[in-house]
Structures are given as C-alpha cells and as structure tokens.
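According to TrEMBL:
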TRANSMEM  12-33  transmembrane segment
DOMAIN    140-371  domain 'Alpha/beta hydrolase fold-3'
ACT_SITE  Ser224  active site
Amino acid sequence: MPFAFRHQPLHSIYLVGNILILLLVRLPLWTLANLIPSWRPRPSWSLGRVLIVSGYRAFLDIMYSTTLMGSESLEKAALSAQSLGFVWVEAAPDFVLGEIREIADANSVEACRTGGFWYGPTASGEAGRKASPGEKVIYHLHGGGYMSSVHPSNLSMITCFKGFLEFFPHNPRIFTVEYQISSAPPFSASNPFPAALIDAVAGYRYLVETLGFLPSNVIISGDSAGGHLAFVLARYLAIHELPNLPVPGGLLLLSPTVDWAVTHVGPNSSMWKNTRSDFVHAIFTSEYSKNALLGTLPSSSAATSPWISPASLQLKVTPGMYAGLPKTCIVAGGAEMTLDPMRTLRDRMQEDMGTRDVTYIETPDATHDFFTASWHEPERTNTLREVADWVGSFLLLKNSSTGGLFLGMRLRLPVIKRLRR
C-alpha cells in the first residue's frame, strides 16, 4: 500500500532508517556493483550517473512510502507576482464540452480560477504582457505525476526552461499554468481528470484571447505527466474545433506518460528491461497517480480511455482517433521504462497524421525526462539542438524586442542518432 508510513512516529522512524541505510549500505553497494562499465545499466553511463539515477529511484521509493511533497499556494505566489512572473488565469467553463464535460460531471470537477508563471525575456519587464505581432510562445505543461507544482523554486523545470531559452530560436517566452494537483486515498481524493485538462484549456485561452497570441504561434509542450496533459489538450482542441481556440502551431512531448494503465508489460518490455536505468518504478507500482486521475471512473477506464492512456494496448483504436493534431515532436529516452508506450503513441499518430507531421527523436541511453537533468550530458544538449531544429523548421519567429523578422531555421548536422518512422 502506498504511503503506509505517512503517520508519526512511523514516518520519522522509516525516514531516518532509510536515509541511514541509503548512505551506509546502499550507496557503497551501488558503487561496488557498478565499478566496471559492463556491470552498469548502460555501459556508456558514468558511475556518477548510475548513482544519481539510483538515488532518484530510492528517493521516490521513500516518498511513496511516506508522504507527498507540498506545494506553494497560488495566493502566496500572487504576493510576489512581479518577482515570480506570476499571473492569474480566469476559469473557462464555456470551453468544457462533449465527453470531457460528461467526465467532469461524473467526477464533480468544475472550472475554477488558477494561475501561471512566465519565464524568459520580457522587453517591458512585465510578466504577462500582450503578444507582439508575430510573437511565438511556448506553453509548457509540467510533469510530476499530477502531484507537484511548477513553482519557480522547482529546479528541474528551471533546467528544462534554460535549455529552451538557450537553444530554441530567439528565446521565446515560456508560460506554464499551475493546473490542479490530483490526489487519491489514503489522502483525501481531489481534482481527478479532467481537472488538469480544464485548467490547461483556460491557460490556452489566456494566451490566445487575453494576450492575443495567434494559435499558430503557440507551441504546446509538456514533460512526463505534463506530456500526457499536452497531448490530451491538443486532442481536445482538435476534436471540438473551437472557433476561438483552434489547434496550436506545434506539439512537443518530452518523455510523455501515455500508458497509466501499464499495458506494455512482460520480460521483453521496456518497463521490465529498463528498470535499472530509470527511476519511475514507484510511480507505476503504487498506481497512485492512475487512481488519482480516475476519481470515480471505473478502474478499467485507465486502459480503455484515450484520454487517460492514449497508448494503451487495450485501447480500441479507430481510424482518425488522433487526426487533426498539430505538427508533433516526441522525445524519448532509450533507457526509459515507458519507452514502449511512447513508440506506440508515435505509431498511432503517424498512422493518422502521416510521418512528415510526427517527428520522433529517441536518444540512446537517456533516462526519463532528461531535459530536466543538468547532469545528463551530452544527451540533453544534443537532443535540445535536435528539437530546436524541429522548432525552427516550420516557425517564423519575430524578434519582439527589435521588431525584426527572421527565419527561425538553423541548419545543423545531426549530433545524435535520429530515429524516425
């Protein structure tokens, strides 16, 4: 059972005991067991990387046995709005339609005001300024298993955004919405699907209707669980063809979690083979995020709903299910446990959209969400360059500070193996 040691005094006893075991027993054993490269999860990995990934995995194991990490309230962020780049985002109840409306009613989810954070250049010094003519924006939906926030103190997200600003053509602004975090027993159940999607729609409306960004000038991106949210947001926009909110110009999915039901299993699956080279094992074995998303929906929905698990092997796939989505780039790590579902999503999208509109970059020996890991070099930088070329290949970016227009295409020789289908 997840979070079995959440109450005191067991919480403190378990935490202190596991930290001591980690430092005095597990760390020395990991070091000895991985001294020789051929013994490591990936022979190309340094000993330091093996220890970092093993440490991350141990941290998640401890967290899922004790308690979740807290997050800052929006009200507190609003008190430091200027320094944090915080803005309020009004609810968009009129844009909750169709099947999503039905699921929201079943799960007692309502649209509500939320907030978001701006990153990157602000010519006027003001976060949330109106879009300049032709200006592009990255609308990023953060990861964290639908359990954590994207407050500017989140160092992993800062690392990801630094990469965007360094390599993407002309440093576009980045906006990320603080969508509602989901929870499930043994804690109080709250904000199941589609709470986060409804907030994501509100954030997109904020960019398009409030700030005046053209939808074609918006790239929706997301990492890990946020990659799942970015995908379902783009699909929702494509299905409903909202007159004021058409699909964005591009969709960037970084290590998207697209099979919460974990249907890609077996001894030859990436979920099995890549256990030692990834750190997300506890997220899936606990089933906490899956249950938090489901709310009152039947457990079978995790495997049969394209909104919950768009890459599920138990999903009844129909022609055109993923048609109409914007040009997409999927980034996967070859060492990820969830590699197989990402390949399945690629295949399904290419079947409906064509291979030209779905770019797939699989970085050998990269682990989960490596854009957020400053220690994951050179894979992180090399793949950021690949993605920057994808961004530049079909966007004309406008220099919002000088008004100069330039072609956002940078010709580079590939620096990693690019796998496409």
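Here, residue 1 is simply the first one shown, and the rest follow in order.
Cβ coordinates come from backbone N, Cα and C, glycine included.
Long-range Cβ contacts of the transmembrane segment (12-33) within its own chain (Cβ-Cβ under 8 Å, at least 6 residues beyond either end) map to 5, 39, 47, 50-51, 54-55, 58, 62, 65-66. Mean pLDDT across the domain 'Alpha/beta hydrolase fold-3' (140-371) comes to 97 in this model. In sequence order, Gly143, Gly144, Gly145, Leu254, Ser255, Pro256, Thr257, His368, Asp369 are the residues of the chain that are 6 or more apart from the residue listed as 'active site' and have a CB within less than 8 Å of its CB. Look at Ser224 (active site): DSSP puts it in coil.
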